[in-house]
Amino acid sequence: MAAASLPETVEANKKRSNVKYVVTCATLASTASIILGYDIGVMSGASLYIKEDLKITDVQLEILMGIISLYSLVGSFAAGRTSDWIGRRNTVVFTGVFFFAASLLLGFAANYGMLMAGQFVAGVGGGYALTIAPVYTAEISPASARGFLTSFPELSINLGILLGFLSNYAFARLPLHLGWRVMLGISAAPSTLMALLVLGMPESPRWLVMKGRLADARAVLDKTSDTSEEVAERLADIKAAAGIPADLDGDVVAVPRRSRGEERQVWKELVFSPTPALRRILLSAVLLQFLQQASGIDAVVLYTPRVFMSAGITDSDRLLGTTCAVGAAKMLFTLVATFLLDRVGRRPLLLSSTAGMVVSLVGLGVGLTVVGRHPDDDGAKVTWAVALSIASNLAFVSFFSIGLGPIASVYTSEIFPLRVRALGCALGVASNRLTCGVVSMTFLSLSKAITIGGSFFLYAGIAALAWVFFFTYLPETRGRTLEEMGKLFGVTGTGLEAEGDAAKEVAELPTK
């Protein structure tokens, strides 16, 4: 009996060891997302001191805060080619270099121009982080833990935002000219540490197969899979996706590169002349990402201190302390979402989350409008409105974080057929970042034009339209295979058959 159970015990011990190893790798890769979140969160409080110290206008300030989202488009589109060229792991290190340079530029900024230069470098690094951390984590993870581990980047961004808020609180008492520079420059330390630690991670097995290094890929899969059978299955799947015949083996094989003509064909299939099914998938992803940001989440996160000041909170400690509570709520509910996505499903979380956001935004609009119509000496008479504003703010970020926040990236990554998945996800990220930049760079001007309460009524209207779109247009994808996912939208195949010609070509190439 004991002898019979020995293999099972060995297999179980290997599985536990491999899970720990993969969690460590995913955590290290997600450090890039933590630094990105920190840069977003810390600017929320630092902006108050930057404006006072450098005497810049509200328009200059909102451009400074929002432009990072537009700059991130450069990094997002460059990250794919970079990671294919130098590898996923080295691209994470490259991302750390961007964040390190950005923190120095921002920390030592003497004028508005240097701040804008720092935001450009930080934006490019952010684009790399948004792309490479989820890709590496998904490619390294075993099937049994992939759903949980691929939520690490989103969770890490929210942890970084919370750390940024805490940094605002910790360094607010420093002299004006020094405080905001320390807030922005201190991220140089974790950027350096990340770049060094990531060098100890294994390379992505998918990238190794793309380069024909089958033996190295098999070694990594052996450390990151639950069973020996899964090692063989994952390697076979990756070889099929790379166009390598299943019967072709060896330590190193030659793999043909995708031609420019094939890349143009992908653009034609998805963007210029898509089938009705692919058009629906593309619209689902692009509009989901657009509506996620158009509902005003970055206006709340980036301008939380401003919102609370409008609600009547003027004491610095209370202001930054309440801001930290917003960051804590955002991270907590994102963590809850990671456990619910595969249990409850995408649609129920998405619809309930968006409905809660609508109610919260209306409450925030009412509270801020009432407070704004009373002079300071009558503030005691509208305590209920101040409380409503704070509660609605916390409720909004909580509802967002448990549904629409994490689901946008999850849904986008799983609905595209294999052949067009990379381009589809890139277009989704582009829609997200462009909308985020527009919202961030117009919030202060919008608030002056229609009042800050009116701004949140507008966002509530957009969120209500988003709920209608989600309800009528987006099907449930939980538990579906890629083939079944395609059928939801009317796609007849997943794109795997498109790799047949490449597979034939590889079969004639030499092996070593």
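Glycine is no exception: its Cβ is also placed from the backbone N, Cα and C atoms.
These come from TrEMBL:
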TRANSMEM  21-43  transmembrane segment
DOMAIN    25-478  domain 'Major facilitator superfamily (MFS) profile'
TRANSMEM  63-80  transmembrane segment
TRANSMEM  92-110  transmembrane segment
TRANSMEM  116-136  transmembrane segment
TRANSMEM  148-172  transmembrane segment
TRANSMEM  178-201  transmembrane segment
TRANSMEM  281-304  transmembrane segment
TRANSMEM  319-341  transmembrane segment
TRANSMEM  348-372  transmembrane segment
TRANSMEM  384-411  transmembrane segment
TRANSMEM  423-444  transmembrane segment
TRANSMEM  456-475  transmembrane segment
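The stretches the transmembrane segment (116-136) and the transmembrane segment (63-80) are in mutual contact, each linked to the other by at least three Cβ pairs under 8 Å (pairs 6 or more apart in sequence).
Across 63-80, 92-110, 281-304, 423-444, the stretch most heavily in contact with the transmembrane segment (384-411), judged by Cβ pairs under 8 Å, is 281-304.
Scored on C-beta pairs under 8 angstroms, the neighbour of the transmembrane segment (281-304) with the top count among 63-80, 92-110, 178-201, 319-341, 423-444 is 423-444. The transmembrane segment (63-80) is not in contact with the transmembrane segment (178-201), judged by fewer than 3 CB-CB distances under 8 Å for residue pairs 6 or more apart in sequence. Highest Cβ pair count under 8 Å relative to the transmembrane segment (456-475), across stretches 92-110, 148-172, 178-201, 348-372: 348-372. As a quick check, the transmembrane segment (92-110) and the transmembrane segment (178-201) clear the bar of 3 or more Cβ pairs under 8 A, pairs 6 or more apart, so the two touch.
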